[in-house]
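Novice: What TrEMBL records for A:1-65, A:181-246 is domain 'tRNA intron endonuclease N-terminal'. As annotated by TrEMBL, domain 'tRNA intron endonuclease catalytic' applies to A:75-158, A:257-340. TrEMBL lists A:Y287, A:H298, A:K329 with the feature active site.
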There are 2 protein chains.
Amino acid sequence: MIGELTNDRVLVDEKGIDELYKSGYFGRPKGNKLELSLVEAAYLLYRNKIKAQENEKGLDFTDFFKKASLRQQYFELKYIVYKDIRERGLYIQPGVTDFRVYPRGGHPGKSQPRSYIHVHSERIPLSLKDLQKLLETADNVHKQLILAIVDEESDITFYEAKKVNIKGDMKKLYPDLTTSASLMEDRVLIWDGESSNTIHENGFYGKLLDPEHLQLSLVESGYLLENNIIQVNDRKNGNHLNFSEFSKRASFIESEFPRKCRVYSDLRNRGLVPKTGFKFGTHFRVYKQVESSNNIPHSEYLVHALPNDYEFILPVMSRAIRLANSVKKRMLFAVEKEKGFEYIDIGRVKM
Amino acid sequence: MIGELTNDRVLVDEKGIDELYKSGYFGRPKGNKLELSLVEAAYLLYRNKIKAQENEKGLDFTDFFKKASLRQQYFELKYIVYKDIRERGLYIQPGVTDFRVYPRGGHPGKSQPRSYIHVHSERIPLSLKDLQKLLETADNVHKQLILAIVDEESDITFYEAKKVNIKGDMKKLYPDLTTSASLMEDRVLIWDGESSNTIHENGFYGKLLDPEHLQLSLVESGYLLENNIIQVNDRKNGNHLNFSEFSKRASFIESEFPRKCRVYSDLRNRGLVPKTGFKFGTHFRVYKQVESSNNIPHSEYLVHALPNDYEFILPVMSRAIRLANSVKKRMLFAVEKEKGFEYIDIGRVKM
């Protein structure tokens, strides 16, 4: 069977409809011809199912591959992913996000595709905006969004990205009291022993420096200050700091403070318990519920707050997700919306 | 016992030498007085072993702590680390890098300190230059260098940093052949089936696209090109690219190419087998030996090449090390020296 290369398509005559489409779901019938994309044609060429020519001149695999790679951006990456999925026994067709993939046992004409696949090189940053667009495209037609990231040695890692609505089980967000605290160099200390313990035990705020003194992180302090649980003074002159003064000081210590503080509040207000995620390299590790500091459960999520103009550096994303999954947590990226935050869960999947 | 606060020191009279130094190795005898650092004095104050005063005015723990934190940078961090180590039953004294710690069972006057401790906040980047200076200070007196990183919630993670000399067991660095290859969009393809397989099997270079075609990453290609194993041509016009032309093109695709390529060569020349570390978020995962692509052993190291002006963002460093350790690999940072590279191993330790 001859495939004629024309621009960025390959056309096969009527026989192709029976032998390639009906028996293998390659290409799409167009009138009495079968139209193949460049990756489909390259794959069929490699499998010796078709021969390729252009203007009546024969093209071997090498010729075709070089030509195709000049006509379609990221052709090699797309070919690598197409071949991989096809050889897993799944039917795959070109689609709006690069490919659509049918569920195992399904095929065009019989069932709906299950996943939209977006192919991306590990070297090229993926902007949050582009990811959000991809998510919207897939969500609108109720498809799973899969990111197929191809590394420099052509290994593929598949990630599923989805929006999740998270909720915790904390009934009371903070205790009923007001106590005074001092802003030290980059953390806050509560001096009163009873208040220290009550705040620590009711919501798992801070860490006890010793049995009488509670240390709070800046975001914990911001949240408790905004809700009037603590009054914060300056260690030098004892002057009270209101939320906006505190926030200014905290932002000087930690430039990401305002966004981190807003995510912290959002998580707390969802009934969750956020604590620092330093050991995991993220902003927060998040518990669904902590009833007592003597009995800390497993934390469910790692949460990292992203600015709206964020660009995912894929090796960094890969590391974050791999680490989260290795400790049985979900990696969530928090994105600020007009009201509150949206959480995007990205995790590795097997195809 | 009264401790008199004078600038950034606290002085206790003769009784202190017996009761604090000889029985607990707090402070240092100076003539007939005992001199305490601010953290030592704060700790003894918290333990009710001394009372503090300044100009004959008594200071309680809160007063003393606020004053001390204004007189010594990062006082709270140092206090947190000092208290933690002391309460692990180890003797600790102020030292050039912040603290020196005695081995379990050892103490000043009896034994040499074992470790030099440097205290650092997770929020403050640690420059590679500073780390190298710390390493030199500790190395010169044959001490272990410990980084005590304090997170925003005052949890401490201890890391040991040390220089390591790594060597692999590969006897032959590459096969004896020369074959032609094409630079595609961001990787290189070898078209000849036999050469593809020989290069893949002798040194674990590249990844087979299919049984006849080998894909090489840019650094692999750079190394093989420099050693005349492959000749690289341009997919558009077939023109040969010499190493310097190839390097220019590769640097355009990947700005870190030159440094990555130099580390890659250094690792290969040490008899090691570097492959991409994408899935771990690092430049390379490194094997001691790969005899056949059908029998890939566990990789020993993750290696990341740093520019000389690098600054460690500590949550990022923490994540890299945690991930490496979770997959039983050592995390090494490659630093370029006048000749070749030096490797710094950083790993979590228990004190």
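One is the number of the first residue shown, and numbering goes on along the chain from there.
Backbone N, Cα and C atoms are what each Cβ position is placed from, and that goes for glycine too.
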Novice: Including all protein chains displayed, how many Cβ atoms other than that of A:H298 (active site) lie within 10 Å of its Cβ?
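Specialist: The answer is 10 other Cβ atoms.
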Novice: What count of other C-beta atoms do you get within 10 angstroms of the C-beta of A:Y287 (active site), across all chains shown?
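Specialist: If we count other Cβ atoms within 10 Å of A:Y287 (active site), we arrive at 21.
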Novice: Between A:H298 (active site) and A:Y287 (active site), how far is it from one CA atom to the other, in Å?
Specialist: 7
Novice: Tell me whether A:Y287 (active site) sits in a helix, a strand or coil according to DSSP.
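Specialist: DSSP call for A:Y287 (active site): strand.
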Novice: Including all protein chains shown, what's the count of other C-beta atoms within 10 A of the C-beta of A:K329 (active site)?
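Specialist: Result for A:K329 (active site): 21 neighbouring Cβ atoms inside 10 Å.
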Novice: Taking DSSP states H, G and I as helix and E and B as strand, how many residues of the domain 'tRNA intron endonuclease catalytic' (A:257-340) are helix, strand and coil?
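Specialist: Secondary-structure composition of the domain 'tRNA intron endonuclease catalytic' (A:257-340): 29 helix, 28 strand, 27 coil.
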Novice: Over the span of the domain 'tRNA intron endonuclease N-terminal' (A:1-65), count residues by DSSP class, listing helix, strand and coil in order.
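Specialist: Its residues fall into 24 helix, 24 strand, 17 coil.
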Novice: Can you tell me how the residues of the domain 'tRNA intron endonuclease catalytic' (A:75-158) break down into helix, strand and coil by DSSP?
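Specialist: So the domain 'tRNA intron endonuclease catalytic' (A:75-158) is made up of 25 helix, 27 strand, 32 coil.
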Novice: Could you give the Cα-Cα distance between A:K329 (active site) and A:Y287 (active site), in whole Å?
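Specialist: Per the Cα atoms, A:K329 (active site) and A:Y287 (active site) stand 10 Å apart.
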